[in-house]
Amino acid sequence: MLTKFETKSNRVKGLSFHNKRPWILTSLHSGVIQLWDYRMGTLIDRFDEHDGPVRCVHFHKSQPLFVSGGDDYKIKVWNYKLHRCLFTLLGHLDYIRTVQFHHEYPWIVSASDDQTIRIWNWQSRTCISVLTGHNHYVMCASFHPKDDLVVSASLDQTIRVWDIGALRKKTVSPADDILRLSQMNTDLFGGVDAVIKYVLEGHDRGVNWAAFHPTLPLIVSGADDRQVKLWRMNDTKAWEVDTLRGHMNNVSCVIFHAKHDIIVSNSEDKSIRVWDATKRTGIQTFRREHDRFWILAAHPELNLLAAGHDSGMIVFKLERERPAFSVSADTMFYARDRFLRFYEFSTQRDVQVIPIRRSGSTSPNQGPRTLSYSPTENAVLLCSDVDGGSYELYIVPKDSFGRGDATQEAKRGVGGSAVFVARNRFAVLDKSSNQVLVKNLKNEIVKKSALPIATDAIFYAGTGNLLCRADDRVVIFDLQQRMVLGDLQTPFMKYAVWSNDMETVALLSKHMIVIASKRLVHQCTLHETIRVKSGAWDENGVFIYTTLNHIKYCLPNGDSGIIRTLDVPIYITKVAGNTIFFLDRDGKNKAIIIDATEYSFKLSLMRKRYDHVMNMIRSSQLVGQAMIAYLQQKGFPEVALHFVKDEKTRFNLALESGNIQTAVASAKEIDEKDHWYRLGVEALRQGNVGIVEYAYQRTKNFERLSFLYLISGNIDKLSKMLKIAEVKNDIMGQFHNALYLGDVRERVKILENAGHLPLAYITASVHGIHDVAERLAAELGDDAPSLPGGKVPSLLLPPAPILCGGDWPLLNISRGIFDSGMDNISTGAADEEEDGGDGDWGDDLDIADVDGLENGFAAAVLEDGEAPEENEEDGGWELEDLELPPEENTPRNSVNARSSVFVAPTAGMPVSQIWVQRSSLAAEHAAAGNFNTAMRLLNRQLGIKNFSPLKPMFLDLHAGSHSYLLAFSSAPVISVAVERGWNDTASPNVRGPPALVFNFSQLEEKLKAGYRATTNGKFTEALRLFLSILHTIPLIVVESRREVDEVKELIIIVKEYVLGLKMELKRREIRNDPVRQQELAAYFTHCNLQMPHLRLALLNAMTVCYKGKNLSTAASFARRLLETNPSMENQAKAARQVLQATERNMTDASQLNYDFRNPFSVCGATYVPIYRGQKDVSCPYCGTHFVPSQEGQICNVCEVSVVGADASGLLCSPSQIR
């Protein structure tokens, strides 16, 4: 059973499939009717007007209606589009068991516990016939799919077949007089519309269900005697054919399958059973644990069944409908109707090749599941579920094409799945041992390979490679080298579809598509709410796939969309241009033409093939909000402009793409304040002063205009703004403009007119306009304010503009490919812009009506009460018209035309980027400021994971490789790269490596300082110096191979000191464990130290052990000390005294974990000896040894690397790379 959909609800008593839409109705014991979309898995609607359980429900074949019957004795007819009950049919006197619409007439048949069957006309809403004869509850009644018959089943242990031919005649020709007479008789004596035709007796208990066969004269019934019976009928009689036994409890429902010779029954024994209708034997049984089954329904057109049980219902299929096929270039092999068939895409030739063996089993799903084809050998592998998974190998004879009669015995074998991996080799999965058997065409095993993951299926992945599937991942496995080439986490994958060049693979799971490269590097993932069914690649690298109800596309960048809707699922076999070839569920080859414009357009846009994009814009109708939104999202608003007619959308797109001309044209059409304001903001950003000015004029935004003239130095227009403010009687506007102009007399005059005499007096006094100040002082008298004494006023005046600024200068660059398509828009917009953004805009500035003046230009405002300037002349230029030839003969040259177009230079590559590209040295990456890659390099080369100690070095390197220059005060600081080894003769175009602040000689100085600190017993200071060397070494660069060896030698020296000093400091911390103190002192003597330091360590260990009564061990240290020929007499003397004292008693008071005869190295973390031959792990950087339990921890000695990590080794010189 292939479960397609499942619900959890109250007990389901009635089910009905819609014949066109993916809907199913369920009626529940709780009184609710639910409408589900089984494809999407969603509840669409619920209807709950019945009082008590609803036992039956049925969709109308063509109208948006369904009928239901319940324990409230009511039959209700509903309209699902209106979401309500249209009417109720009353007449039954007990529970209603089943209802059904007639396939042709406006009839409903209903069966009830009142022992009657009623036929209703739902158009006239009346009962047209009552069928009486059963003497117990009638459990079901249904119309025959073609004939005028009704079958009913009852608890009186009988099945009855009724002839309703008379009822049909009466419906067709009710005008007949004889029928009118019979109608009167019916009213008086009871009807003869329905006549009992057969009574079928044979069940020992009440019969729960009876159903007609869709095409044959057969009836099937199920009863409380746990039996399913098959009956045959002819024109005169009906008889029992056979009994199907197997159910363990009452049989609730039984039906014939619409497309196969099978009977499906379900029962209160919690099982569904499938029976072979011809052999009358059981094929399959499906059980539930806790739920009894009550009802079955079959889809009228699709291969779907549904069953209702105590806690919900399931929609299921009995067998898979996906045909097995394999495509090779222009041909395809596929299996259909127990034949292997061949199809040629170019000619659409479809022939059967050879018959395929029938499986011995009668159970469903035994047909071929997958098919693999080897074109060179013309061999076909068919895999099926027979015997728990098996394959058959056929060699197709060249001459059998089209005859289909050549029979041959296939070579068979058992295996989970089988695919060709080479010309004459195929791989078979053996699930039990999790290995692949490679076989030749004689079915002989050539090779066995164990698989890297627990595999449940294998797929082809190129010659010699297999795609192995586990539950949560897939891997590509190379059979030759027996190694994994790629690994990817995915949900459970069902199918793999390779592109034509085998570079990309689409992994199809139930609700997801993962697209990856041939090495399984993830590229994108698509999620679908509906099941994914199939897919194929087109020649441009677009993946075309189908779900249950759509054909869709997926671009290489993960963008997807719908191409068209499907009525029924299809299985794509090949995509060629605009044609999709596919197999339908009947295994028939078909082709459909699709419109590939949308995804071709998006693909061209993604691949920057703008010539294609322009051609498609000109030739096709690509429109819609989705396309515009897509172009905006992908950063192509200028392309979206071509599609848009709506002015507001055009305006937004034009602003987004910086196309001011189009924005102006759209703003004029819209003419709203907000749009003019936004246009002004964008024009200001672009430095297009003319448009800013025009936008502010249109919105009468005088404050902004004044400020614009101030910053662009346009004093003339600023003076006009002052006069406009005067006319509008805007006191603050006048004052601001006077302030911007630096006109002090005007400011005094404004303050005086506004009645602020004290302010006017102070302003005049401070600015030295004494005549006005005296006049105002006389007016104010005693109220004249006094100026504060001892303070010097400062002059506040705007700087005089040297020249008036216009639009910002713009580089002329070659036009983009998309601009040429917009010429028609641009020309109009440019003309309009010239109208509005003219140099002296004052001539058409709109002003709000002031004192009765019409809107006009400034000159009109200023005419009244304004004397002409003294030096103005009367006449003007007095230009006369010239008699010129017609205009068309004069070529128009653009004012702004340039003799040659300047193309903006592309920015050069930053020096830091050049450093990073050329180098694999971590120090140079850090100097370039690329800390990320520096850290990755150090991790790869030395296994470094803890970067905290290296952070100050990184920052020093970066700061030290750059210098900073300040050109002049208002300019930003310029960063200059400092290069290593630069001289006067260096080429200016060739970049050298960065200068580095750390070098090898500094480390040698630190090493000497560390030695001195160790000699003086300053162990903490010495440890700090040695660790500092270890942390600096990864970030130094040396030139020669000899220096590289010296650096590596330095690491070993410093590591020994760090380990020894850490042990000695640890020993001094331990107070109450003399044994551990002696051990640590002993281990210190085995560090590779300089001779003076080794003597001090031996003297120290000898003293500690002698005090701890370990005389034998103390003697060994004394002997080692004397062997070094100590130059200091007191050391030799102490050693000789210890030897004399211990000769008499060579014993140890306590057992130490120390054997000086057996060579060992000390663990850097636990400080225990690791003797030769014992397992250990080491630090990839400093080389310190550790016990195996420390693997994966940060090294305790260098404090930066991970113990046991894989690393390629120190890289500190360009000579190592060359």
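Each residue, glycine too, has its Cβ placed from N, Cα and C.
Whatever TrEMBL says is automated annotation, not expert-curated.
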| TrEMBL annotation of coiled coil - which of the ranges 257-284, 649-676, 1125-1152 it falls on | 1125-1152
| note | Candidate ranges 362-383, 824-845; TrEMBL annotation region 'Disordered' resolves to 824-845
| request: Give the residue counts of the repeat 'WD' (244-285) per reduced DSSP state, in the order helix, strand, coil. | output: 0 helix, 25 strand, 17 coil
| Residue counts in helix (H, G, I), strand (E, B) and coil for the repeat 'WD' (200-241), per DSSP? | 0 helix, 25 strand, 17 coil
| task | For the repeat 'WD' (131-164), provide the mean pLDDT of the predicted model. | result | 95
| query | Do any residues of this chain, six or more beyond the ends of the repeat 'WD' (131-164), have a C-beta under 8 angstroms from a C-beta of it, and if so which? | reply | 94-95, 97-98, 100, 102-103, 107, 109-113, 115-119, 193-201, 203-212, 214-215, 219, 221, 223-224, 231, 233, 238
| said: Below 8 angstroms Cβ to Cβ, which residues of this chain, lying six or more residues outside the repeat 'WD' (200-241), approach it? | reply: 136-137, 139-140, 142, 144-145, 149, 151-161, 247-256, 258, 263, 265, 267, 269, 273, 275, 277, 280
